[in-house]
Amino acid sequence: MVSQNQTVVAEFVLQGFSEHPSLRLFLTGCFLSLYAMALMGNIVIIALVTSSTGLHSPMYFFLCNLSTMDIICTSSVLPKALVGLLSEENIISFKGCMTQLFFLVWSGSSELLLLTVMAYDRYVAICAPLHYSTRMSPQLCGILAIGVWSVCALNASINTGLMTRLSFCGPKVITHFFCEIPPLLLLSCSSTYVNSIMTLVADAFYGGINFVLTLLSYGCIIASILHMRSAEGKRKAFSTCSSHLIVVTMYYSSVFCAYISPGSSYNPERSKFTSVLYSVLSPTLNPLIYTLRNKDVKLALGRILASFSH
């Protein structure tokens, strides 16, 4: 409980990159460019998948969901980060901070869960191609997508709800460029035991179980590819999952660096760097990886560009 002579914090100050004033202009340019690229790239993916009949398959349906999550993730972080880079002090209200936290946790956890679903989709496509249309029916894909969004919205609600129950009496400087669970817990003047337990449970589920399931899917995929006799068959099978494998490796690497470490060893500088990787760089690169390495997406993009030129 907060004692009578303590003041309850009504707003926080996002430290951002204020300790590096010489980098302010450079970071503003980088973040603005990356945000524009992330928005454009992911909107193009969504437009291509919804308008091209050749992309109406489970893989592209889930890719469309991934792009939506990427837009939510970057939009919950970058606009406020840019405000901080362009102003002397980046103040965020308590409600604003909790809102940002909810959308960040929702989109971030949804992305991890969706990557597992996408890995299963590739597993069925390569290891059981004859049963693909029945196993990955439109109904099941819809249920999986709704399940991902719902489970992760519940996770975000629980974590955000638990955060609102904490007392914050000062200091009020968040050592990050957005509202994140570890630095917020460090500012609390009440017990954070339940929050820490819930964070560990979420880390174990999203970073542990999902990662193992994704590895198992790709273990089966690689084994299946190696047993193929035709070199052309191997090349085609690998090309269908290579883009997803690159995205999975990139996203999990940054998430593990950011979260899979003891709370006592929380390092603000390292956390900021790894957070840029998964909340800014990954959503920007995902559309490029899927577009440049996927023949179907490139063909659909070519048709749309050709229709504009006539």
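Glycine is treated like the rest: Cβ placed from N, Cα and C.
Bear in mind that TrEMBL entries carry predicted annotations, made automatically and left uncurated.
Some features that TrEMBL has for this protein:
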type	residues	note
DOMAIN	41-290	domain 'G-protein coupled receptors family 1 profile'
TRANSMEM	25-48	transmembrane segment
TRANSMEM	60-78	transmembrane segment
TRANSMEM	98-120	transmembrane segment
TRANSMEM	140-158	transmembrane segment
TRANSMEM	204-226	transmembrane segment
TRANSMEM	238-261	transmembrane segment
TRANSMEM	273-292	transmembrane segment
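Counting same-chain residues at least six beyond the ends of the transmembrane segment (238-261), those with a Cβ under 8 angstroms from any Cβ of the stretch are 59, 108, 111-112, 115, 118-119, 122, 125-126, 203, 207, 211, 214, 218, 221, 225, 270-271, 274-275, 277-278, 281-282, 285-286, 289-290, 293-295. Pairs of Cβ atoms less than 8 Å apart link the transmembrane segment (60-78) most often to 98-120, out of 25-48, 98-120, 140-158, 204-226, 273-292.
Among the stretches 25-48, 98-120, 140-158, 273-292, the one making the largest number of Cβ pairs under 8 Å with the transmembrane segment (204-226) is 98-120. A Cβ distance under 8 Å defines the sequence-distant neighbours of the transmembrane segment (140-158), meaning residues of its chain 6+ beyond its ends; these are 58, 61-62, 65, 101-103, 105-106, 109-110, 113-114, 117, 198, 202, 206. Beyond the ends of the transmembrane segment (98-120), by six or more residues, the same chain brings 59, 62-63, 65-66, 69-70, 72-73, 75-77, 80, 92, 144, 148-149, 151-153, 155-157, 159-160, 163-164, 178-181, 184, 202, 206-207, 210, 213-214, 217-218, 244, 247-248, 251-252, 255, 278-279 to within a C-beta distance below 8 angstroms of the stretch.
Residues 31, 34-35, 37-38, 41-42, 44-45, 63, 66-67, 70-71, 73-74, 77-78, 104, 108, 176-178, 180, 243, 246-247, 250-251, 253-255, 257-258, 298, 301 of the same chain lie 6 or more positions beyond the ends of the transmembrane segment (273-292) yet place their CB under 8 Å from a CB of it.
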